[in-house]
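Pulled from Swiss-Prot:
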BINDING   171-178, 196-200, 217-220, 291-294, 323-325  GTP binding site
BINDING   SER178, THR198  Mg(2+) binding site
DOMAIN    7-164  domain 'Obg'
DOMAIN    165-342  domain 'OBG-type G'
DOMAIN    357-434  domain 'OCT'
Amino acid sequence: MSGITLPEFVDCVTVEFSAGRGGDGCASVRREKYKPLAGPDGGSGGHGGSIFLKADTSERTLISFRRKGHYSASNGAHGLSRLRNGARGKDLEVSVPCGTSVYDEGGRQIADLVSPGSCLQVVRGGTGGLGNAALAGYRRKTPRFALLGLPGQKRKLRLEVKSIADVALVGFPSVGKSSIISAISSAKPKIADYPFTTLHPNLGVVQSGPYRYTVADVPGLVEGASKGIGLGLNFLRHIERCSVVVHVIDCANTQQDPISGFNLIEKELSEYKVAENAIPLNKRPKVIVLNKIDVLQTKEEQDTLLYLQSVFKKLVTDVYAISAVTRSGLRQFTLRLGEICQEYPSQVQPTSQTILIPAKNTPEFSLDRTDGVYRVTGKKPEKWILQTDFSSDEAISYLAERLDRLGIEDALVRAGATCGDEVEIGGVIFTWDPSVANTSFSLSV
């Protein structure tokens, strides 16, 4: 039909997420009448906004990510005088379809957002910098500096939608899968008499007797689907979560051997790699449906149907001859599917979140020397570098004290560092001078 544009179905995208930067702390001094310097009153910066993914039943595809491939949360506001802390950056909540799996750049699965409302923080906002009021202490009564806010996390993630259905209808193109799901549920897929009419999974809810379950009409598979031929991997992905596999066979097609076709589809299912703790696709409960019996008119065609039923019953317990057009055999077929779905557990397995507890004896920094430069790496020292305003000598002195308390100066002495050697921390190069009072580092220019 001309003049109609079907909505695009997108089930795999790569997206960049950037959390908000933390606001800078404020360095200010309270001034009162008769007390021109009444003490520090600089507020701290607000934390940057974080980004969350949330499973939403109103979303069906990832097409919105195709149009917008980068999401950013807002920054935290800077601190102000009179002890006014900066406002926190606004968090960003991004909706995704239920059944969205999230992977990092290395291909490791981070989460599986299956249940409606399930939420995942993908990037965390940067910490706001402390104002000079928070930095004041017995050594520094009135600091003339504040800490800078930290940048927010940045990540590139791959999102994949896998249909959440109890039953998957599989088979070659044009065997009548869309007609079946239209007949047994309220789903209204596009139906036409040519191959690859269905280009994305159609989901339908079936109510048969006391049973209620969901069915997915998976686009037609071809030989080599498990290796990606004919968008096979994209299609097979949507079968991963199903409990029951229904092979739909066109018993009126005289140009294709139904038995060899069944074996070929089974081979593709067996070669598709599922999650480690999931049942292989070819090992799950299966039902064979011989569709389009309304087309069979001659005695020869009827005899062929009986022959196919006898052959397939040797391979599979449940074999049904149906017609999606006349609805013949659908009642018995849908009731049996309900029984199987109730008997076998769902393959939907949300990813559990693991909390990693750091080892007690993990060193807080490491020191090595390459190309004549001592390089210090570690979460704390690199974080402190980002927090330092290098235009302030007092801020640099404060940084040096923190590095010294962490044990970096002693480590440099043990490593054989001498006055004038270069030390790199977090991309910033210092000149080490152990003779300088109160600080062992001077910033190289």
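Each Cβ is built from the backbone N, Cα and C atoms, and glycine gets one as well.
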Could you give me the DSSP helix, strand and coil counts for the domain 'OCT' (357-434)? 30 helix, 19 strand, 29 coil
Can you tell me how far the Cα of PRO219 (GTP binding site) sits from the Cα of SER178 (Mg(2+) binding site), in Å? 9
To the nearest Å, how far is the Cα of SER178 (Mg(2+) binding site) from the Cα of GLY171 (GTP binding site)? 11
Where among the binding-site residues SER178, SER323 do you find the Cβ with the fewest other Cβ atoms within 10 Å? SER323
The predicted model's mean pLDDT over the domain 'Obg' (7-164) is 91
Other CB atoms, at most 10 A from the CB of LYS292 (GTP binding site): 21
